[in-house]
Amino acid sequence: MASKGILKNGGKPPTAPSSAAPTVVFGRRTDSGRFISYSRDDLDSEISSVDFQDYHVHIPMTPDNQPMDPAAGDEQQYVSSSLFTGGFNSVTRAHVMEKQASSARATVSACMVQGCGSKIMRNGRGADILPCECDFKICVDCFTDAVKGGGGVCPGCKEPYKHAEWEEVVSASNHDAINRALSLPHGHGHGPKMERRLSLVKQNGGAPGEFDHNRWLFETKGTYGYGNAIWPEDDGVAGHPKELMSKPWRPLTRKLRIQAAVISPYRLLVLIRLVALGLFLMWRIKHQNEDAIWLWGMSIVCELWFALSWVLDQLPKLCPINRATDLSVLKDKFETPTPSNPTGKSDLPGIDIFVSTADPEKEPVLVTANTILSILAADYPVDKLACYVSDDGGALLTFEAMAEAASFANLWVPFCRKHEIEPRNPDSYFNLKRDPFKNKVKGDFVKDRRRVKREYDEFKVRVNGLPDAIRRRSDAYHAREEIQAMNLQREKMKAGGDEQQLEPIKIPKATWMADGTHWPGTWLQASPEHARGDHAGIIQVMLKPPSPSPSSSGGDMEKRVDLSGVDTRLPMLVYVSREKRPGYDHNKKAGAMNALVRASAIMSNGPFILNLDCDHYVYNSKAFREGMCFMMDRGGDRLCYVQFPQRFEGIDPSDRYANHNTVFFDVNMRALDGLQGPVYVGTGCLFRRIALYGFDPPRSKDHTTPWSCCLPRRRRTRSQPQPQEEEEETMALRMDMDGAMNMASFPKKFGNSSFLIDSIPVAEFQGRPLADHPSVKNGRPPGALTIPRETLDASIVAEAISVVSCWYEEKTEWGTRVGWIYGSVTEDVVTGYRMHNRGWKSVYCVTHRDAFRGTAPINLTDRLHQVLRWATGSVEIFFSRNNALFASSKMKVLQRIAYLNVGIYPFTSVFLIVYCFLPALSLFSGQFIVQTLNVTFLTYLLIITITLCLLAMLEIKWSGIALEEWWRNEQFWLIGGTSAHLAAVLQGLLKVIAGIEISFTLTSKQLGDDVDDEFAELYAVKWTSLMIPPLTIIMINLVAIAVGFSRTIYSTIPQWSKLLGGVFFSFWVLAHLYPFAKGLMGRRGRTPTIVYVWSGLVAITISLLWIAIKPPSAQANSQLGGSFSFP
C-alpha cells in the first residue's frame, strides 16, 4: 500500500529492509495537475515490463490471499493480491501483497459420476470441459462409456449429448467464450473495452452501440419464453414450452388492503375529529377570557398550531396497506431450469452492499466485522453479491479487522450454509437465549458448532487485540527508524571529522503495517497527508469475485469441519477509503456513499445497491430476496428503492425512550406505502442504481397525480405542458422515444470516467424485470444474466481509485442531482425526496422475520443528541429548495404533505414549550385559559379526547403495535419536543441567518462501563444543556401545583374549577415527562450534583420572577393569615 507521502521521490518507501523498487503506475499527470488513469491498451503499449516490479506488503491470510492459486487467472490473481492507492497529488499505484506460504492446494475438479472421482476433462488451456449444458463434470473414461454404452445420454440431466465425439467436445469448449459472449447484446466498436461491456447506447453514427434485436433472436441458442419469433429446434425441446403452458403466471408480490371494518371507521373518526377541532377552535376564538386575555391569547395560538400539526400528520395515514412476497415464485422464475436457462443458473440481478463506518473508536470494528460476516453469508447467489466497506476515517485498525473477518468468513459462511443458521451474525447467533439445537437434524451439527464457536472466540481475541498490536508495532518500527537516523548522522560526522554533539532528530511517528511500511491512511498521531481530513485514496480487494460455478471442499482435517457438498465460495469484499485533502468539502456520509457508488459501478456494477450502517446486520438471510421480489415484479421498474423497517437489539424491556420507534416504522411508514412510498431512513434500503443516478422513471409521462387513494385518478395527457421548474429539477436523463439513452451530456453530470459512463446503460438493462408477461412494458429477456461477471484487472481498479479522489466531483452534478444529496445532516430524507419528486415510487417491505437489526442509544443524553441531529436536518430541509412546498407535480398531494410535515415538525417545539408552562401560569395567577369550565368547553374537550383515543386504538389494530409502545412514543414526543427540537430550531435559524455551520459527532456504540449489566448505559447520567428546558418545566409545574393548592385552601372563596383545570393540565405534562425524570435519577449515587443545583436554582428564579412581576396584594396577605411581605 502506498500514498503520496510514502512513494514520492521515485517511489521509494521509507523503510530500509531492502532496496525499494518502482511501483506499478497506472496514470499520468496532465498540465492542470490532475492524474488521468491509463487504459488497458495504454498499459500494454506505453509502460515497459521494467516498470512492473513488486512492492511487497504483508497482510493476514484471507480466502483470497492464497499463493499461486491455479484456479484464478493471472489478471484476477494480480488484482486480488494488490492494494491500490492514489489521489489528486499522487499517481495511481498498485502494490503487490506478499503471500504467506501455504500447503493448501486448489481443489481439482473431480468426476461427478458415482464411484469414479477421477480428474475431469480439460482443454489445452487448462479449462474444464463440460460436454453437456447442465455443467455435469465428467472424466474422459466416463464420457466414453456414456457415449458408447449409455446411448449418448448425459449421466446428470439424462439428456442426449449434442457432441458425441471427443474432437467435437474440445472444439465446442474452445468456442465456449464466443457462445457466452453472444448471450448478451454488445456495443460494436470502441475497442476491447466496449466489447467487454453491454451497451444500450445509440451513438450519432447509428450502427455503433445500437441494440441489435436480430442478434438476440437469431444468433443465440437460448430462448426467451413463449412468443419468440424463432423457437430453437436443437435444444432437446419440441413444441411449446410445457412448463410455461402448465404453470400460470404468478406475481412476486401481493398488496394486502387493510380490512374495511378497521379502515373505514378510522377515516370516519379522522373526519369527526377534524370537524370537532374546527368547531372547538371557533368557539375558543369567540369566547375570550377577559380576566386573563394574555393567557387566552397564548393558549389559542398554540392550539391553532397543534391543530395544523395534527392535520399534517394525520392526512398521510388515510391509506395504509400491507404487502407480502412469494419467494417460491422468485425461485421458479430466476433459478429453475427453463428453455431459456437450461442449466438453472441464477438469473437474478447483482446487488452491491455498502457498509459505512467513520471512527473505529465510536464504532467498534468487531461490530462492523460481524455485520460484514452476516452479509457474506446471506442467502443470495454468491456471484451476484459484492460488499464494499467505506472507511471514512482511513484507519489501519479497520483495514486489518476486515482482513481478519475475510479470513474467518472462510469457515463461518460454509457453516451457515450447511446448517441453515439464523441469524448469520456470529456474535448474535452464539448469544441466542433460545435452544441452538432446535430443528437441527444433521448429526455433525454439535461438533461443527463447537469448532466454529472456538474459532470465533479466537477471532474476537485477535480483533480486540489489534489496537495494541498496531500501537506496539508502530512504536517498535519508529524506534528502529530513529536509531537508523542517529547512526547515519554519526557516520556523516565521523566522515567529516566533526566531533560536535549530536542534534536531536525529529521523525514523525507513523503508523506501520505488518511488513514494515507506512500506512497510507490516517496515522495514530496525525501528520500532514496522514490525518482524518488529509490522506490518499485506498482500495483493497479483500475477497476476489467468486467463480461462476459452485465449488466445494471435502473434510478439512485441520479445522475438522466437513464441508462436503457445501458451496464454499465467498462474495467479493472490497475495502475503500476515499481520498481526503484540505480545501475539499468531504460532505460527510453522503460524500462517502457517492464515492462507493462510483467505485462499485466500475468494479461490479450491480444494478441494485443496499446500504447498511456498520451496526445493522442481516438478521434474515433471505432479506435480499424479499426486496428483489418487489424490484422484479410487474411494474417494479418504476420503484426507486425498497425500504426495510429498522429493528433494534439491546433496548431495555420498558423501552423508556421509545428507541424502537414502532409508531413511525409500523404506522407512518405503512401509511406512506399506500401513497407514493415510504421515506428513506438512512439504512436498510435497497436502491435501484439508475434512480440514484438521477434518471426519471420509465413511462414518466404517463404518471398520475391523485389527491388521495380514495379519489379517482386522472391520467395526464401528453398535450399538457410540463412546468419549467419541474424540467429543471428532474434532469433530462429520461429515455428517448426509441429506447436509447442520450449520453452526450453524461460527462458533465457524472464526470469524465468513461468506465463509469459505460456502466450506466448496463445497470439500467440488468435492473429490468423479466419480460414474462404482456403487462411488463420495460422488461429484459429471461436468461440474460446467467453469464458470469467480468474479471477484475488492474486498469479497472486503477479507474476506481480515480473516481474516489477528492477532485472528481468538481463541476459535476454529484450531490446536487446525482447520488446522495448534499447540504443536510439528514441526507437520507433529502435523497428519497428527490427521487419521489422525479416521479419514482418506493415500497415498504415488512418481512415475517426481521430483515435487519441494529443498535440504538439507550442513554438519555445520547438519545437526545440523536433526535437533535434528525430535527436539525428537518429544519435545514424546511429552509432549502427541498421544501415540499416547491415539489413538482409528479409528487402526490398526500405525499407532499408528508414531506412538508418532515420539515415543519421541529417548529412545534416552540408552541409546545409555551403550552407546557401554561398550567403553571394558570396556577400561579389563579386564572385559566377559559373564563369558566362550562358544559360546552367540557363537551368539546371530551369529544376531541375520545376521538384521539379511538384513533389510537384503530392504529394499534391495523399496525400491530402495542398500547405501551404508543404511549412511550407520546411521552418521548413531548420530551424531544421540549429539548432537542427547540435546540434544532435555534441551530437551524443560526445557519440560515448567520451562516454558522452545524457539526455533529457520531453516536457512540460502545458498551457501558459496567460490563456485567446489559443496560448499564441506561442508568448513566451525562449532563447536557438539552436537559434544561424539560427540567425547568418539571420544577415549575411542581411548584405551581403547591402554590395553587395553598391559595385555594386558604382562600375565602375557593375556585376549585380553575384549580382542577390547572392541576389536571400540570399532571398531563408531568406524566409525559416521567421517563425524563426517571432518567435523571439514574442509580443511587450516580446522579450528578449539577442536576440538583440546576433544579433548585431554576425553580427559585422562576418563582421570584413571577412574584416580582405580580406581587400578592395586601388583601391576599391578610387572607393567608400571615404578616410576612416581600421587600
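Glycine too: its Cβ is placed from the backbone N, Cα and C atoms.
Swiss-Prot assigns the feature transmembrane segment to residues 982-1002, out of the candidate ranges 373-393, 982-1002. A simple way to gauge crowding: the CB of Asp392 (active site) has 23 other CB atoms within 10 angstroms, across all the protein chains here. For Asp828 (active site), the Cβ neighbour count at a 10 Å cut-off comes to 23, with all displayed protein chains included. Each of 262-282, 910-930, 936-956 was scored by its Cβ pairs under 8 Å to the transmembrane segment (292-312), and the highest score goes to 910-930.
Long-range contacts of the transmembrane segment (262-282) within the same chain, counting only residues at least 6 positions beyond its ends with a Cβ under 8 Å from a Cβ of the stretch, are 300, 303-304, 307, 310-311, 314, 318, 320, 710, 940-941, 943-944, 947-948, 950-951, 954-955, 957-958.
Spacing of Asp828 (active site) relative to Asp392 (active site) is 17 Å (Cα to Cα, whole number). Cβ atoms under 8 Å from those of the transmembrane segment (1025-1045) belong to residues 860-861, 864-865, 868, 913, 916-917, 919-924, 926, 975, 978-980, 982-983, 1059, 1062-1063, 1066, 1069-1070, 1073, 1076-1077, 1080, 1091, 1094-1095, 1098-1099, 1102-1103 of the same chain, restricted to positions at least 6 beyond its ends. Secondary structure at Asp392 (active site), taken from DSSP and collapsed to helix, strand or coil, is coil.
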